[in-house]
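Peer 1: Quick one: this structure, given as structure tokens, is what I'll be asking you about.
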Amino acid sequence: MSFVELLARLGGMGRFQVTYVAALAFPLLMLASHNLLQNFTAGIPEHHCRPRPVANNSIGDVPLFVTIPSDDHHRPQRCRRYVEPQWHLLETNGTANGTANGAATEPCHDGWTYRDGVFAHTIISEWDLVCESKKLRQVAQSIYMAGILLGSGLFGVLSDKFGRRALLTWCYLQLGAAGAGTAAAPTFVIYCLCRFLGGLAMAGVSLNSASLCMEWIPTEARAVVGTINGYCYTLGQFVLAGIAFGLPHWRWLQLVVSLPFFFFFLYSWLFVESARWQVISGRPDLALKGLRKVARVNGRKEEGDKLSEEALRALVRREPPMPGGALAALVRTPGMRTVSCGVSFVWFSTSFAYYGLAMDLQGFGVDIYLSQVVFAAVDIPAKLASVLTIGGAGRRVAQAASLGLAGVCILANIIVPTELQTLRMALAVVGKGSLAASFNCAYIFTGELFPTAIRQTGMGLGGTMARVGSMVAPLVRMAADVSPVLPLVIYGAAPIVSAIATGFLPETRNVPLPETV
């Protein structure tokens, strides 16, 4: 009897599995809020230099165009001001009378004035992350992604050693505490540090939630459950847009999306550890208790009572000691090298292109709240198409197709004129939807490719490569200073290359989970 057959005897997708999946899915609602939070907490308000004090006049009495030069769109320049007021620009009626070409300008030595609007209270206006300091906005997001990068590798290895449930419980607590600390951060450095710690915990939540789902549900339900979890992330994007609209102040927004994780921490003590992991780790006594609890909840108590530790030991062949540990096992055999390399390509490019699009909502010239809702809404048909393709054509086809389509849509925007904002937005939305489908498939595909003995380490590899991609994505935006189309070329080429690499991975549709390397 295999472990899959044992789960079927204990109720299959019974009451325990349904409740467990639901309890793991609720926190996923808030993951999107943290990943995409800087679209709102770091929104860039309209701003200009604070004018020089003028003798015998208050600043409010002097027209702005006298002290601040205008840009090509006749708006006050953001980063320069006149060294001396240009009084000759005034007529007797107080309107502009020409320009001050050649007039000396200087940087904003006295700070900036921020206009009230959509982004009246953000980290940009709080710590003046504009002009010479504008790159710190992207650096802050990259530091958060660096936390997820480190957490993916760290919690992947620790989960294979200490268990899924214990690490998940800790990560809920850490994410809540780090989020609350971010909301109270007195300086930008403390803000980045707390975001880094939140990123660490975010990786642990994602990895352990996916593995616990994968290891407690029957084979035929994996694609559906994976898609349900993906839809929870999608719903979380709608939740973020609603909360951000109601709470424009960044500190309150940060706090509200962090507090629920304290509640998740409390109920996570009721979770049952993965019996697969316990048997593989030589703890069949604990696995037996967990399986009997599952049988009782599913109304199969008699089947649970028939189980014994000896039966469980025979159920799963233990992995012999691996020289070099779980990390070395990822590349020890040709099969594992192929899987590890292919998974790395898939996760890097999906996350790289996804965050390249999703973290630049202001760049589309459309209302940012509407953009967030549209970008979230496209996930619904995209993930539905993904699960249908996963179940029908297989994981490999679904993965390659979603990556290829995303790359084509992103590259197509290179040749679309900037005046056609609607078409550019439409292509970006289709591309983002394709990448959401790719994420959906990657979570399912990766969990099925790696054996139980190193599944968390393998998932950690995928998560690590994803965070490398998401960490690099904001920095690639700076390439626009060299050429406006260069970021799109890079964002579009990566998914296409990875779609080709996907063709070398084995198909896992309707195949039992591997247990050993």
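Going from the start of the chain as shown, residues are counted 1 onward.
The backbone N, Cα and C atoms fix where each Cβ goes, and this holds for glycine too.
The shown structure was predicted, so the numbers you read here are calculated from the model rather than taken from an experiment.
What TrEMBL shows for this protein is this:
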- 20-37: transmembrane segment (TRANSMEM)
- 27-510: domain 'Major facilitator superfamily (MFS) profile' (DOMAIN)
- 142-159: transmembrane segment (TRANSMEM)
- 228-246: transmembrane segment (TRANSMEM)
- 252-272: transmembrane segment (TRANSMEM)
- 339-357: transmembrane segment (TRANSMEM)
- 369-390: transmembrane segment (TRANSMEM)
- 397-416: transmembrane segment (TRANSMEM)
- 422-445: transmembrane segment (TRANSMEM)
- 488-505: transmembrane segment (TRANSMEM)
Peer 1: Among the recorded stretches 20-37, 142-159, 339-357, 488-505, which has the greatest number of Cβ pairs closer than 8 Å to the transmembrane segment (228-246)?
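Peer 2: Between the stretches 20-37, 142-159, 339-357, 488-505, 20-37 has the largest tally.
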Peer 1: Between 20-37, 397-416, 488-505, who has the most Cβ pairs under 8 Å to the transmembrane segment (252-272)?
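Peer 2: Comparing 20-37, 397-416, 488-505: 20-37 has the most Cβ pairs near the transmembrane segment (252-272).
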Peer 1: Please figure out which one of 20-37, 369-390, 397-416 racks up the most CB pairs under 8 Å against the transmembrane segment (488-505).
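Peer 2: Ranking 20-37, 369-390, 397-416 by Cβ pairs under 8 Å to the transmembrane segment (488-505) puts 397-416 first.
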Peer 1: Any residues 6+ beyond the ends of the transmembrane segment (397-416) with a Cβ under 8 Å from its own?
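Peer 2: The answer is 346, 349-350, 353, 357, 382, 386, 389-390, 423-424, 427-428, 430-432, 434-435, 437-438, 441-442, 445, 485, 488-489, 491-496, 498-500, 502-503, 505.
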